Amino acid sequence: MNPYVLAVLLSSLGIGTTLTLASSHWLLAWMGLEISTLAIIPLMAQQHHPRAVEATTKYFLTQATAAAMILFASTTNAWTTGEWSIQEMSNPTALALITMALALKMGLAPVHYWLPEVLQGLDLTTGLILSTWQKLAPFALIYQISPMMNPSLMTMLGLASTIIGGWGGLNQTQLRKILAYSSIAHLGWMMIIMQYSPNLAILNLILYITMTSAAFLTFKNVASTKLSTLTLTWSKTPMMTTMAMMTLLSLGGLPPLTGFMPKWLILQELTKQNLPLTASIMALAALLSLFFYLRMCYAMTLTIAPNTNTNTSTWRQKSSQTTMTLSITTTLALILLPITPAIMALTT
């Protein structure tokens with residue numbers, strides 16, 4: 001892609017998300033969401049491959065449906081209350097509709113079906129943008145309307161996303177689909193805690209973006225998109241493979257890694273809110289996700305492909321890809337657990 005065109009598209013992505021983050025009016029927020037959607041579509045279709053075009057079409061139709069629902073719900077609210085402000089969503093029907101529209105935008109269960117299929121059709125760089133940056137704008141809107149949202153609806157979305165995100169990834173062999181289901185499960189954790197501690201939800205989002213970025217960048221560096229090709233990585237880059245294994249375990253929420261922090265704090269908060277059953281279901285659903293992370297770790301570090309050449313050879317060239325971002329995100333994904341007391345002081 002032409003670098004000037006790429007610069008325009010990436011800046012439009014940034015402007016669209018920033019517009020939504022900064023807006024307090026539904027029309028401005030809707031406009032920012034639309035700019036973000038239209039900016040990422042050429043990036044998704046740049047490969048000119050049938051799978052990429054199919055993924056782009058599915059994404060466009062899904063996002064257009066969600067945008068229409070947001071416009072309809074905000075107009076309905078303005079009609080009945082005379083208010084366009086995001087903070088003044090008092091019509092319960094419009095509120096429920098806009099909640100489901102934002103859930104569709106992000107890929108929360110039960111309106112998640114588009115996300116694994118779309119992510120599977122993209123290259124890893126565009127998939128990274130879709131899994132991280134594109135979640136920010138809808139999440140900011142959910143954060144703003146969370147005090148007015150129906151608690152039962154939010155709990156249903158959170159529980160369904162965590163369970164389906166864990167269950168759906170169990171039988172997958174494609175890394176992008178596994179990361180899509182991982183994304184659904186993590187968004188479920190954010191939704192379940194949003195009504196009780198929005199700051200914890202933001203903390204979870206930041207750590208999710210860090211850990212997911214590390215995973216995507218690792219797979220991009222080793223040019224791997226299938227579980228079977230991960231078996232070649234140990235003999236090529238043992239140190240990176242070891243770090244990737246720990247990043248995946250961090251995504252699964254194992255101590256003493258960073259990913260344990262949000263799960264620990266969220267379960268603690270749910271218990272404080274007298275919701276032991278919800279906390280138990282969330283903890284058990286996390287085990288489902290942990291299983292497919294362990295599968296990936298097993299494939300990367302405990303298996304070696306039968307055709308691996310064990311001789312020292314000169315044909316294996318050094319990678320020309322930059323690894324600075326990968327180094328930073330991997331480090332953050334592994335060692336932030338000790339600062340949990342400081343984060344608790346900031347979020348309470």
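Cβ atoms are placed via backbone N, Cα and C, with glycine included.
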In TrEMBL, of the candidate ranges 132-151, 152-171, the one given as transmembrane segment runs 152-171
Counting only residues at least 6 beyond its ends, the same-chain positions whose CB falls under 8 A of a CB in the transmembrane segment (326-346) are 199, 203, 207, 210-211, 213-214, 217-218, 221, 243-244, 246-247, 250-251, 255-261, 264-265
Assess whether the transmembrane segment (152-171) lies in contact with the transmembrane segment (202-219), where contact requires at least three Cβ pairs under 8 Å among residues 6 or more apart in sequence. no
